[in-house]
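> Got a structure here, written out as structure tokens. Questions coming.
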Amino acid sequence: MNPVDYLRISLIDRCNFRCHYCVPDEASLQYLLTSEQLSNGEILTLLEQVFIPLGFRKFRLTGGEPLLRPQLVPLVRAIAHLPGVEDLSMTTNAYLLADLAQDLYNAGLNRLNISLDSLNPETFDQIIGNRGKSRWQQTWEGIQAAHRVGFDPLKLNVVVIPGVNDQEVLDLAALTGDRHWHVRFIEFMPIGNDKLFNERAWIPSEELRQRIRAKWGLETAFVQGNGPADIFKIPGAKGTLGFISQMSECFCDRCNRMRLSADGWLRPCLLNEAAQMDLKTLLRTGVPPREIRAAVKALLDQKPEINFKMRDMGTTTGQYGRTMSQIGG
């Protein structure tokens, strides 16, 4: 297994979209109160006194939608300036990004991943559950703003859902032709969305690659921070294509990350919520950071076994108790 040096930090469980694969229609969510979320100070304490001393060097801010987090820019600036932080990135839906892109860039945010599941405004609005208001144009303006201020690499994440947006794979791949953009196709997976998954299932990454290969050809490539993605490019294109194949091609041996939820639960494996640790309660009950660090180190030492032997036993009930929006993706 790779060294675990990457922490995904959910800043908030709320989102201004309600994407069907992330927050299913039937989901009844109880959002966290502000007091139930980790504060900026608590996040910084955990990074500075627990995770960085344990070798974590790369951090990604997620949600929900992280741009909804109050005092976001000062938090980004504080994390970016912590000794030991080598890379700070964010995943966002870009709806509020146009007005924040420059400030985030100036604060020290290195990279952005942006969810863009369709280039068709009607399909896009259907996927995000727009509730009567079209949001495609403002999202696209956010992506353009991120490009203008200099975020590089700029990655676009596409969750491919059969019969919904899979017919756009070639159009989305074409975005990489004349831009230094990196489009990543993600296999749809069943976490908190069993009904939609059972209705739609998923398309293997290799099938998507075959479609692209048949039109333009494909060659292997590299991009910074590729994580579990397999990277290719269309010959002559400026950008790249990534394929995240968590359903068809197990990549547990390449896993280098843990996840911290907005309410302080540390999750060593996306597919396993039975092995979580409540760091917020430890902090708020006065447990010294050195003891929290020792507990996290013990969980870190168990991660290979959790990944390989327990990924199919990731819940105690057979169903995940949290949606992707609550986990932080």
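Positions of Cβ are set from backbone N, Cα and C atoms, glycine also.
Marked as domain 'Radical SAM core' by Swiss-Prot: 1-229. If you look up Swiss-Prot, you'll see Arg8, Arg60, Thr91, Lys155, Arg257, Met258, Arg259 marked as GTP binding site. The [4Fe-4S] cluster 1 binding site annotation in Swiss-Prot covers Cys15, Cys19, Cys22. What Swiss-Prot records for Tyr21, Gly64, Ser115, Met189 is S-adenosyl-L-methionine binding site, and it gives sequence analysis as the kind of evidence. Annotated [4Fe-4S] cluster 2 binding site per Swiss-Prot: Cys252, Cys255, Cys269, in sequence order, evidence recorded as sequence analysis.
Mind mapping these onto the model and telling me what they sit next to?
Mean pLDDT for the domain 'Radical SAM core' (1-229) in the predicted structure: 91.
According to DSSP, Arg60 (GTP binding site) is assigned to a strand segment.
Annotation for Cys19 ([4Fe-4S] cluster 1 binding site): spatial neighbours Ser115, Asp117, Ile127, Ile128, Gly129, Val159, criterion Cβ-Cβ under 8 Å with sequence separation of six or more. Secondary structure from DSSP puts Cys19 ([4Fe-4S] cluster 1 binding site) in coil.
In the three-state DSSP reading, Ser115 (S-adenosyl-L-methionine binding site) counts as strand.
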> Around the Cβ of Arg259 (GTP binding site), how many other Cβ atoms lie within 10 Å? Please give the count over every shown protein chain.
21
